[in-house]
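Heads up: the structure comes next, in structure tokens.
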Amino acid sequence: MAYCRIILHLLLAILMVYVSYLRQMLILEQRVEFLEIFPSSPSPSNSSSLDPDPRWWIYQFLLSAKHEEKLETGNSSSRPIEYDFYHDSCPKAEQIVRAIVEDLYRARPEVAPALLRLLFHDCFIQGCDASVLLDSTEGMTSEKDSPLNESLRGFGLIDQIKSKLEGHCPGVVSCADILVLAARDSVALSGGPFYPVYTGRRDSTVAFSDRATAELPNPYDHLPVHLASFASRGFDGREIVTLLGAHSIGVIDCKFFEKRLYHFDGSNKPDPSLDLGFLDLMRTRCNNSNIESSQGPETSSPDSPSLTTVHNSSTEERGLVPMNYEGSAFGTQYYHSLLQGKGILYADQQLMAMEETGNWVRAYALDASLFRRDFALAMMKLSDLQVLTAPMGQIRLTCSKVA
Ligand code: HEM
Ligand SMILES: [Ca+2]
């Protein structure tokens, strides 16, 4: 009898080691696995919530070992970010963000591109630390004042989410995490892929306006400049092509591409890479009077009226046109447009100028699932750029002010 018990214990021990090994493997692979299990996002139209699929809960169960895989950040003495960081301190944090973004999106779909661009402009400058949200103070110039940030929208939406979270769990959820979560939910609501994100980022105590001015990608720069700038942040050519798929949604001010229509590269001619029919169309949408009126810096608040007037006549009067002129679907249509010489931004159309990036444009135009998978991975990578974790940084109480 005692002999049988020993064998039973031995078998149990072997089983436990095996299960723990399997779980470790699952956790290591979980990000990619998630995309294989859930290649498509929930349909924004047919559900009241963004929870993708009942299998999502099974996936969540697998993630319950959340503390086992943690992402090391730049500073070895700081805590890593992790899945479901707010599990104990603010269990409803992600749900609250999702509910607010969903409500806002239903009323004004243009919030989604605004929040996505906000995240990109934050993470690209000194990492995902909410530095872009800080207002100017006596000793500090806001990143919002940098020329390429003047047309950023969505600051008020982040404040709205933050104040709701402060009501639930004061001083717990960082503005940097809110940006990441809100962008993730925005992508899914816009028909893009849903992806898991780590949380536990902390907020910067300073803004980096000089870096924002010098380093945010200029829409008129040539492809090698963009390649170098993204490479310095760890993104390769394929990932630039992927991330620029974000230009499937949102609007653009004519001032960012008018030179392509009339005075390309210092000439009095249009950009030869533009499709001629498209050139005419864009010229009617961005006639010179629109361009004149849109040359100056943005005078409205970052959230209004631009967030409320994207698809009506006042949008046209303000010289804003949809980024993906040919269709609203997230993804492949954008790449088809580039193949036809109908990329609005020079930076977009430039993807066709080099063989490697051109090949990825072709691949994504043909294969929507490949794009969705790559986009999810690239967004996860972008969201983890150079994050601050405890004891670095702080949790701001108001996103526009240092605590
Ligand atoms: C070479 C890199 C890039 C350049 C030169 C660039 C440039 C621009 C420009 C000029 C606009 C129009 C802004 C306006 O008129 O207000 C814009 C809009 C936008 N960009 Fe980018 N961008 C780049 C990369 C990205 C990336 C990596 C993302 C996200 C992952 C992104 C997301 C967006 C979104 C969603 C909009 C629409 C914003 C809205 O409708 O409010 N961009 N971009
Ligand atoms: Ca930043």
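Just so it is clear, glycine is given a Cβ too, placed from its N, Cα and C backbone atoms.
The following features are taken from TrEMBL:
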- D122, G127, D129, S131, E143: Ca(2+) binding site (BINDING)
- P217: substrate binding site (BINDING)
- H247: heme b binding site (BINDING)
- 289-313: compositional bias 'Polar residues' (COMPBIAS)
- C90-C169: disulfide bond (DISULFID)
- C123-C128: disulfide bond (DISULFID)
- C175-C399: disulfide bond (DISULFID)
- C254-C286: disulfide bond (DISULFID)
- 80-403: domain 'Plant heme peroxidase family profile' (DOMAIN)
- 289-315: region 'Disordered' (REGION)
- R117: site 'Transition state stabilizer' (SITE)
- 6-22: transmembrane segment (TRANSMEM)
C-alpha spacing of C128 (disulfide bond) relative to C254 (disulfide bond), in angstrom: 29
R117 (site 'Transition state stabilizer') and the residue listed as 'substrate binding site', Cα-Cα, nearest whole angstrom: 12
Going by C-beta under 8 A and a gap of 6 or more residues, the same-chain neighbours of C175 (disulfide bond) are A130, L133, I158, K162, D203, R396, C399
By CA distance, which of the recorded positions (R117, C123, C169, H247) lies nearest to S131 (Ca(2+) binding site)? C123
Roughly how many angstrom lie between the C-alpha atoms of R117 (site 'Transition state stabilizer') and the residue listed as 'heme b binding site'? 9
Please list, in sequence order, those binding-site residues from D122, G127, E143, P217 with the Cβ less than 6 Å from ligand 1. P217
Out of the recorded positions I have (C90, D122, D129, S131, C175), which ones have their Cβ sitting under 6 Å from ligand 2? D122, D129, S131
Rounded to a whole number, how many Å is the Cα of C90 (disulfide bond) away from the Cα of D129 (Ca(2+) binding site)? 19
Neighbour count check, CB within 10 A, over disulfide-bonded residues C169, C286, C399; minimum at C169
